[in-house]
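Colleague: Here it is, the structure in full.
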Amino acid sequence: MLATALGMLLLLSGAGTAWAQTTDDGVEGKTFVIGTDTTFAPFEFREGGELTGIDMDLIRAIAETEGFDVEIRSLGFNAALQALSSNQVDGVIAGMSITDERKQVYDFSDPYFESGIQMAVAATDNDIKGYEDLAGKTVVAKTGSEGETYAKSIADQYGFTVTSLDQSATMYESVKSGNAVAVFDDYPVLAYGIAQNNGLKTVTEKVPGGSYGFAVNKGQNTALLAAFNDGLAKLKADGSYDKILDKYLAAPAAAVPTGFGDLVVRSFPALMKGLANTMVVTGISFVVAMALGLIAGFMKISRNIVLRGIATTFVNIFRGTPILVWAFFFYFGLAQLIGQPVNIWVAGVLTLSLNGGAYIAEIVRGAIQTVDPGQLEASRSLGLGYGKSMQKVVVPQAFKIMTPSLINQLIIMLKDSSLLLAIGFAELLYQGQQIYAANFRVTETLFIVGAIYFVAIMALTKLANYADRKFNK
Ligand code: GLN
């Protein structure tokens with residue numbers, strides 16, 4: 001019931017809201033937020049930390065020709081589409097195929113690239129030669145992609161299972177590691193990866209299919225769409241379009257294998273930026289969570305039933321629901337409800353602090369109740385009132401009791417902050433994903449990321465324990 005009501009509200013507000021440019025008042029001088037995939041080389045990928053690729057060059061060249069600015073958000077394919085639906089971005093360019101289903105909800109530009117689906121297997125695999133060999137096996141495809149739709153459409157016929165993943169890099173990794181036997185992806189992307197020695201080979205003919213288009217939300221950003229088409233036509237006319245394609249497709253340079261040390265050195269700047277974001281978002285969220293948790297914790301032991309009820313409801317809701325649900329809700333859902341894009345920091349802090357606050361409330365309540373009731377009685381028999389007794393006798397002891405649990409909670413929050421990568425928050429693991437999405441060195445990159453988390457958490461624990469010893473003695 002509540003869910004239906006909320007759904008209706010979302011729909012209604014979604015239909016009525018259009019804070020992005022909706023009218024044809026031109027694009028000149030404006031900045032548009034454009035969502036894209038994490039990695040879909042040669043269309044979008046990172047080189048030396050910078051986003052490049054055919055899509056990136058195209059949108060930037062068009063923006064320059066048409067006199068507008070773009071701010072690119074590397075979100076992942078499915079997340080980019082969700083961000084577009086909830087107007088968190090103005091447009092999406094992500095090697096996105098123009099399909100009939102998508103045309104119901106998005107408006108597409110003129111097509112700018114012909115594509116189609118193909119299947120690839122591990123280069124070392126000699127068993128899978130066609131769809132017939134897939135019976136009883138698992139294949140991977142990207143969540144929300146045309147490749148996924150195609151794989152699912154023939155899955156029953158050939159008797160295989162489709163597992164959906166969010167990123168090209170993890171899809172390829174699962175095939176190489178043997179968790180899946182094949183991947184369904186767009187052929188230009190597979191071809192490019194194979195030329196780069198990504199450890200795969202194609203075994204079937206490509207399925208001719210969708211062309212790529214730039215997308216905006218249906219009926220919105222019409223000026224931006226018109227400018228894209230106009231700019232694309234100009235780039236085609238003056239030869240820049242062909243130049244962009246040639247730059248990436250003519251002779252894709254094979255990746256030069258480099259050592260682990262080199263990977264560490266090269267990925268360090270981006271990872272440190274990620275670590276800084278992780279620390280800051282955790283720090284702010286912890287402060288807010290402490291405030292919430294203290295208030296709710298005291299409300300829980302209050303003698304007022306209403307206050308107790310409110311606090312219990314708060315704790316139950318946020319302890320009883322996954323963090324990721326709230327991250328999506330605050331970033332995508334809330335934006336539709338209020339008709340305003342929600343800043344990613346605000347969404348991140350809300351998510352972490354409400355969840356953390358619920359746990360801290362329980363820590364606070366537990367600690368206060370752990371203080372020997374005799375302490376309160378003794379203090380009151382000495383003539384102090386209830387409030388003063390709490391403040392001077394019970395709470396100081398409770399603080400000592402709760403400190404280790406609070407340190408624990410801080411560490412949990414730091415680790416949980418990695419979930420925010422799902423909404424495109426540029427924290428440590430997100431940066432790691434961006435790196436392996438580009439170089440396909442998943443294991444080594446994750447090892448570096450894990451080591452950084454470990455060192456950061458060890459340092460934080462040492463610091464917190466030191467503070468605990470200093471202030472709680
Ligand atoms: N072309 C495919 C689609 O639109 C895949 C796009 C992508 O993975 N970025 O579904």
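Each residue, glycine too, has its Cβ placed from N, Cα and C.
So TrEMBL lists these for the protein:
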type: SIGNAL; residues: 1-20; note: signal peptide
type: TRANSMEM; residues: 275-298; note: transmembrane segment
type: DOMAIN; residues: 275-464; note: domain 'ABC transmembrane type-1'
type: TRANSMEM; residues: 310-332; note: transmembrane segment
type: TRANSMEM; residues: 344-361; note: transmembrane segment
type: TRANSMEM; residues: 446-464; note: transmembrane segment
Colleague: Out of 275-298, 310-332, 446-464, what stretch is closest in contact terms to the transmembrane segment (344-361), meaning most Cβ pairs under 8 angstroms?
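Modeller: Looking at each of 275-298, 310-332, 446-464 in turn, the most contacts to the transmembrane segment (344-361) are made by 275-298.
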Colleague: Are the transmembrane segment (275-298) and the transmembrane segment (310-332) close enough that 3 or more Cβ pairs fall under 8 Å, when only pairs 6 or more apart in sequence count?
Modeller: yes
Colleague: Give the nonlocal contacts of the transmembrane segment (446-464) in its own chain as ranges (CB under 8 Å, at least six residues past its ends).
Modeller: 263-264, 267, 271, 275, 278-279, 407, 410-411, 414-415, 418, 428-429, 431-432, 436
